[in-house]
Amino acid sequence: MEAADYEVLSVREQLFHERVRECIISTLLFATLYILCHIALTHFKKPAEFTTVLLYPGPETALTTGAPGPGDADDEDATVNKIALELCTFTLAVALGAVLLLPFSIISNEVLLSLPRNYYIQWLNGSLIHGLWNLVFLFSNFSLIFLMPFAYFFTESEGFAGSKKGVLARVYETVVMLTLLTLLVLGMVWVASAIVDNNKASRESLYDFWEYYLPYLYSCISFLGVLLLLVCTPLGLARMFSVTGKLLVKPRLLEDLEEQLHCSAFEEAALTRRICNPTSCWLPLDMELLHRQVLALQTQRVLLEKRRKASAWQRNLGYPLAMLCLLVLTGLSVLTVAIHILELLIDEAAMPRGMQGASLGQVSFSKLGSFGAVVQVVLIFYLMVSSVVGFYSSPLFWGLRPRWHDTAMTQIIGNCVCLLVLSSALPVFSRTLGLTRLDLLGDFGRFNWLGNFYIVFLYNAAFAGLTTLCLVKTFTAAVRAELIRAFGLDRLPLPVSGFPRASRKTQHQ
């Protein structure tokens, strides 16, 4: 009896140490992501919103009115913005964790296959991976439903009328607004569930807030995120070629840096003359706008000088290799989706499904072994970057693009929400397109629409069709434009189909 009790205690102690080890590893990983996201947001925030201006009223005004001075209001706004920034940092860290979730699981499975009994990787097991999936799911729900609405209402609140001003008054107003919003969303989801699935059991299940309501609400949000990825990713795949072309130095056949430098110098000289002689023009001049244009031209000229000093290897080898890599990755993505469409028609096992137990280290998730797993990870990251590029390139979200040291707090909140929606839908997006054979772990596999064959099949077909259409249109147009500019046909007075004719002023120059 004593030996049995000792064995039970040893098993419990081992389980306790494993849980503590998993908590420590998860905390260290999240702390690393949090620090990286905090550094990134610090470079995009507007410094004026976080600066405290110490201005105090005169002693007579303070004694007679008892009202706080303007310095107190600035200090209060700065405190509110700092709290909101920390909430945004937490949300962005969760979004980055959702992006790394699927690649980390794939790499961990290959490591466990290669080194099954290695002492130094005993901490890497299925329980840790499953716990990370559950934590990302929990924090995604918490950030989307509570933290981000709280941060937005907190920055926009001023306290109830008649109450004493301060941070605490803003907290009271924000809590009331968040409670009303939660009740509104809860009622809308309950009604939507009753309309879609008119079943008594499904309606009663929504009374269980934790087990059914939050996963159901997150399923709706994830479905919207997957639809957003369906629109943004093909657009981003087409835009990646032009974005990469702006970052790299093109060969001299495709780019004339000397001409761009001369044009930039002429424009800067013209603006400088207008600033020095503001009375020489009949129309009133916006001096602040002119100064910003001059600074932009100077920055552009510095970048052009750096690109002109690039070596011949960077100019003639870097740009073609980058374009070739983008073309190969895009072709692999479309080919993988096309093969998955055929598998959906033949094999029912190709349908995405959930897996409650993380059985890692048993079989590879790719037919090509470790090399195929690396290709899967690269494709997942490539599609995520392309979706972000397509998201900020779309006209609907163009104004949401963050600016260096000039992004308002409400704009930061909007960016964090959108990035979290995109990144939390990435595991479902990747599994739906067949980029990996890893089944969705935890609550990610509980989405009802994943078992619908028609939705999954139409989603794959729409992705392949939109991506092919965007690539054909963009690539052919880009090739025509570069060839016309390289041979100088854009300066001819003859109109060229699909390209704007140069103005008369440019022609005379």
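Any Cβ shown, glycine's included, is placed from N, Cα and C.
Annotation comment: TrEMBL describes 24-41, 87-108, 128-154, 175-196, 216-238, 317-342, 373-400, 412-429, 449-472 as transmembrane segment.
Touching of the transmembrane segment (317-342) and the transmembrane segment (24-41) is ruled out by the presence of fewer than three CB pairs under 8 A, sequence neighbours closer than 6 excluded. Counting C-beta pairs under 8 angstroms (sequence separation of 6 or more), the transmembrane segment (24-41) reaches the transmembrane segment (128-154) with 3 or more such pairs. Most Cβ pairs under 8 Å with the transmembrane segment (128-154) belong to 87-108, among the candidate stretches 87-108, 373-400, 412-429.
Beyond its flanks by at least six residues, the transmembrane segment (449-472) meets 219, 223, 226, 230-231, 233-235, 237-238, 330, 333-334, 337-338, 340-341, 344-345, 351-354, 428, 432-434, 440 of its own chain at Cβ-Cβ distances under 8 Å.
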